[in-house]
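First the structure, in the form of structure tokens, and then the observations on it.
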Amino acid sequence: MQIKLANPRGFCAGVDRAIEIVNRALEVFGPPIYVRHEVVHNKFVVEDLRARGAIFVEELDQVPDDVIVIFSAHGVSQAVRTEAAGRGLKVFDATCPLVTKVHIEVARYSRDGRECILIGHAGHPEVEGTMGQYDASNGGAIYLVEDEKDVANLQVQNPERLAFVTQTTLSMDDTSRVIDALRSRFPAIGGPRKDDICYATQNRQDAVKQLADECDVVLVVGSPNSSNSNRLRELAERMATPAYLIDGAEDMQRSWFDGVERIGITAGASAPEVLVRGVIQQLHAWGATGADELAGREENITFSMPKELRVRSLL
């Protein structure tokens, strides 16, 4: 059995920044540091930060007064920001800048009196935060659609004053079909010049297509609640390549590789490389060889830290 590695894979710039914000806050201010929602969707990362003194909560009413709170990479609604400000909580915002870009678009559509359609997955924290940027007090509304069926059933107030945005971690192929359906049903709809799916999601989906084309089975390292990791598994399966989403080596079964010659490995944008190395080590113990990285797209994007943490870390 030969191992092939997707390129790129694993951490993106937004995840790197979010984790570093929590780490630096712990270093500068000491524990406990409260984090609203898992800072990124990866069990290994969350447990490591929890061991260092991070406390993960789902709502601000679980946060005591006079502590530091970090908003996760997925972003939060304006209502959450207002609640934090009203309580005087010290907040560091780890929202991915590419998610913030979508938030700004939604707020602009609201101010302009346009209704907004968000393409995304119900219940995902990024979706909840993005929908919470729309101020419906002026009579407008924001709608959530997941697929073409939702578009066909959608009723809006004014089809002539309508715009769309997308969750950043969706399948590019699925999203393209939904956008086509929106434009067909609502010809006057506006939107971004390209969809809001982030560079890292696009690059990892392109890479897994190449991997699935060259391998007999694909392993996606990522947690079950990671949207972008699930999309990678689905994409490989659509290419008729068996694919498994695993948190780490401990989730693998030896029988998956019976009769397999080429094993492909990729990782979602919130999965650290150490987990990939653990998978490779276990596969080597089962007789696999190599770990050749495919040619891919280089990523050199970085996002800046909050000023206070950036300055304090240099002291």
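Every residue, even glycine, has its Cβ placed from backbone N, Cα and C.
Some features that Swiss-Prot has for this protein:
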BINDING   Cys12, Cys96, Cys198  [4Fe-4S] cluster binding site
BINDING   His41, His74, His124, Thr168, Ser226, Ser227, Asn228, Ser270  (2E)-4-hydroxy-3-methylbut-2-enyl diphosphate binding site
BINDING   His41, His74, His124, Ser226, Ser227, Asn228, Ser270  isopentenyl diphosphate binding site
BINDING   His41, His74, His124, Ser226, Ser227, Asn228, Ser270  dimethylallyl diphosphate binding site
ACT_SITE  Glu126  active site, proton donor
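Features per Swiss-Prot, on structure.
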{"residue": "Cys12", "record": "[4Fe-4S] cluster binding site", "contacts (Cβ under 8 Å, 6+ apart)": "Cys198, Tyr199, Ala200, Ala269, Glu299, Ile301"}
{"residue": "His41", "record": "(2E)-4-hydroxy-3-methylbut-2-enyl diphosphate binding site", "contacts (Cβ under 8 Å, 6+ apart)": "Gly222, Ser223, Asn225, Ser226, Ser227, Ser229, Ser270"}
{"residue": "His74", "record": "(2E)-4-hydroxy-3-methylbut-2-enyl diphosphate binding site", "contacts (Cβ under 8 Å, 6+ apart)": "His37, Thr95, Cys96, Val99, His124, Pro125, Glu126, Gly129"}
{"residue": "Thr168", "record": "(2E)-4-hydroxy-3-methylbut-2-enyl diphosphate binding site", "contacts (Cβ under 8 Å, 6+ apart)": "Cys96, Leu98, Val99, Val102, Glu126, Asp196, Ile197, Cys198, Thr201"}
{"residue": "Asn228", "record": "(2E)-4-hydroxy-3-methylbut-2-enyl diphosphate binding site", "contacts (Cβ under 8 Å, 6+ apart)": "Thr169, Ala200, Thr201, Arg204, Gly222, Gly268, Ala269, Ser270"}
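For Ser270 ((2E)-4-hydroxy-3-methylbut-2-enyl diphosphate binding site), the Cβ neighbour count at a 10 Å cut-off comes to 31, with all displayed protein chains included.
Shown in sequence order, Ala13, Gly14, Val15, Ala73, Pro97, Leu98, Val99, Thr168, Thr169, Tyr199, Ala200, Thr201, Ala269 are the same-chain residues outside Cys12, Cys96, Cys198 whose Cβ sits within 8 Å of the Cβ centre of the [4Fe-4S] cluster site. Cβ-based neighbour count (10 Å, all protein chains) for Ser226 ((2E)-4-hydroxy-3-methylbut-2-enyl diphosphate binding site) stands at 26. Reduced to three states, the DSSP call for Ser270 ((2E)-4-hydroxy-3-methylbut-2-enyl diphosphate binding site) is coil.
Spanning the residues His41, His74, His124, Ser226, Ser227, Asn228, Ser270 that the record associates with binding isopentenyl diphosphate, the maximal Cα-Cα distance equals 15 Å. Cβ packing within 10 Å was compared across the recorded positions Cys96, His124, Glu126, Cys198, Ser227, and the lowest neighbour count falls to His124. Within 8 Å of the centroid of the Cβ atoms of His41, His74, His124, Ser226, Ser227, Asn228, Ser270, where the record puts dimethylallyl diphosphate, the same chain has further Cβ atoms from Val40, Glu126, Thr169, Asn225, Ser229, Gly268, Ala269.
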